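Trainee: Let me give you the structure first, and then I'll get to my questions.
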Amino acid sequence: MRILGIDPGYAIMGWAVIDKDGNHFTPVDYGAITTDAGTEMPLRLQHLYTELCSVITKYRPEECSIEELFFNTNAKTVIHVGEARGVAILACVNAGLEVNEYTPLQIKQALVGYGRADKKQVQAMVKAILNLEEVPKPDDTADAVAAAICHGHAAASRKQMQQIRRALRGTSRGTGDGGDTWHGLKIRKGI
C-alpha cells in the first residue's frame, strides 16, 4: 500500500510518501511545501493545493493520513492551519484518496508506544522504522512521515478486523430478534 502522510501547516506543510508491504515500510520520497509570510493567504492556500496535487500526481498514493488539529491559544494560527488542512484534504479527496485523520497522541502512540512522547522520540522511531541515516527535515516533514507510518499500522489492524468480521459473518445465524449469534456471542445491531 502506498500512503501519503501530511502534517498540515500554512507556512510549512510536510508531506511524505511511503510504501507498506506486510510489516515493512519503505520511504518513497518526502519534503515540505513552503509559503512566503508576505503573500496573501488565498495565494498561499492556492500554492499549497497546487504543490500537493503535484505530489499526488507524481507518486500516486492509495490512501492519505493527515494529522488532526491540536489546541492552540492563538485563534488566528488555528484558523490558518485549519484552512491549510482543508486544502490538503480537498486535494486528496479530489484525487480519489481515502483520507484518514489521526491526533498527535495517536501518532505518537503508534510510533513510540506512548502518546505523550516528545518530538525527539518520534523522530528517532521514524529514522529507525524507515532505516534512514538521518531524521527528515524540517520537523514538519518528519511529522508527515510519522503520520504515514501511523496509518500503515492502523490500516493493518483495520484489515485484520475486517477479515475477522467477514469470517464471523460467514458463520452467523439469524435469531429473528434484531441480533445475530456467532458461536454463542450475541451481537445487537445498532448498539
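Residue 1 is the first one shown; counting continues down the chain.
Every residue, even glycine, has its Cβ placed from backbone N, Cα and C.
Heads up, here are the entries from TrEMBL:
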type: ACT_SITE; residues: ASP7; note: active site
type: ACT_SITE; residues: GLU67; note: active site
type: ACT_SITE; residues: ASP140; note: active site
type: BINDING; residues: ASP7, ASP140; note: Mg(2+) 1 binding site
type: BINDING; residues: GLU67; note: Mg(2+) 2 binding site
Trainee: Might you list, by sequence position, any residue in that chain lying six or more from ASP7 (active site) with a Cβ less than 8 Å away from its Cβ?
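Mentor: In sequence order, the residues whose Cβ lies under 8 Å from that of ASP7 (active site) (at least 6 apart) are MET13, GLY14, TRP15, GLU67, ASP140, THR141, ASP143, ALA144, ALA147.
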Trainee: For the active-site residues GLU67, ASP140, work out the Cβ neighbour count at 10 Å and name the residue with the minimum.
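Mentor: Across GLU67, ASP140, these active-site residues, the one with fewest Cβ atoms within 10 Å is ASP140.
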Trainee: State the three-class DSSP label for GLU67 (active site), counting H, G and I as helix, E and B as strand, and everything else as coil.
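Mentor: Once the DSSP labels are grouped into three classes, GLU67 (active site) ends up as strand.
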